[in-house]
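Features of the protein shown, as given by TrEMBL:
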BINDING   Pro101  substrate binding site
BINDING   His131  heme b binding site
BINDING   Thr132, Asp187, Asp195  Ca(2+) binding site
DISULFID  Cys138-Cys176  disulfide bond
DOMAIN    28-268  domain 'Plant heme peroxidase family profile'
Amino acid sequence: MAAIRLRLVAAIVVFLGAGVVIGGARAQLRMGFYEESCPAAERIVGEYVRQHVRRVPTVAAALLRLHYHDCFVRGGPTWRVATGRRDGTVSRMEEALAEIPSPAMSFQELAALFATKGLTVRDLVWLSGAHTIGIAHCSSFADRLYAGATDPNANTTTDPPPLDAAFAANLRDRKCRTAGDGVVEMDPGSHLTFDLSYYRGVLKHRCLLRSDAALVTDAAARADIAGVVDSPPEVFFQVFGRSMARLGMVQVKTGSEGEIRRNCAVVNS
């Protein structure tokens, strides 16, 4: 039971919505996978996660990050969880560094990386919305924070726009007096709420990371953002859920393809 609980806690952010499990190993994932071995599994995990998110709201961002990294390397809204996935039997730091999107990537680089995982430009746009919660280190966007208002060598078609000048000045004065390890809310004023304010910041050039700012360099992505900002929050929750479900299908392992780790952080010996 303890091992099952650990696996499900890690999986609680894995799959959003039903009806997206298709083909191969994916077909082995299903709702109620543990209904015989641990009938209350989903309820236990749901209560556990809600309890800890209420106590420490930043746990929500950490769980999203865990899922994103796990799926890309190996494998506000609520959702049902299809269970039955396994951990990989290989875990390498260098693999993570090579596979995980960098905050310095251009839109073209991000779209190409997502495509290698079977994800679309729209998945990129909606999954970026997870930055509505959480924090960023000043060092991760220092090049934007301390750059001039304009770059004479910038390509206005492909390079992201610079930070809004007043916003950047405020950050330098209050949060990032040096390019060290200070931290800034990814979505200032709303970083504990899963809402649309992240996308409003993107359109106003007030997003921290270069990879977020790059979203507006693509006409289709910019149109999607503008459209969702003018829609009820539930629309964002729905499209975010669908893209998270697709992300959860990336290189998933089931059955003998993986293992149930005794310690989630370490491959079984």
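Every residue gets a Cβ built from N, Cα and C, even glycine.
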Given the recorded Ca(2+) site (Thr132, Asp187, Asp195), which additional residues of the same chain have their Cβ within 8 Å of the Cβ centre, ordered by sequence?
Gly129, His131, Ile133, Met186, Ser190, His191, Thr193, Phe194, Leu196, Ser197, Tyr198
Listed in sequence order, the residues of the same chain lying six or more positions from Cys176 (disulfide bond) whose CB sits under 8 Å from its CB are Cys138, Ala142, Leu145, Gly182, Val184
For the C-alpha pair, I'd like the distance in angstrom between Asp187 (Ca(2+) binding site) and Pro101 (substrate binding site), rounded off.
19
On the domain 'Plant heme peroxidase family profile' (28-268), the mean of the pLDDT values is 83
The sparsest Cβ environment within 10 Å, among the binding-site residues Asp187, Asp195, is found at Asp195
Compute the C-alpha separation of the residue listed as 'heme b binding site' from Asp195 (Ca(2+) binding site), stating it in Å without decimals.
10
Asp195 (Ca(2+) binding site) -> DSSP, reduced to three states, gives coil
Per DSSP, Cys138 (disulfide bond) is which: helix, strand or coil?
helix
Integer Cα-Cα distance in angstrom, Pro101 (substrate binding site) to Thr132 (Ca(2+) binding site):
17
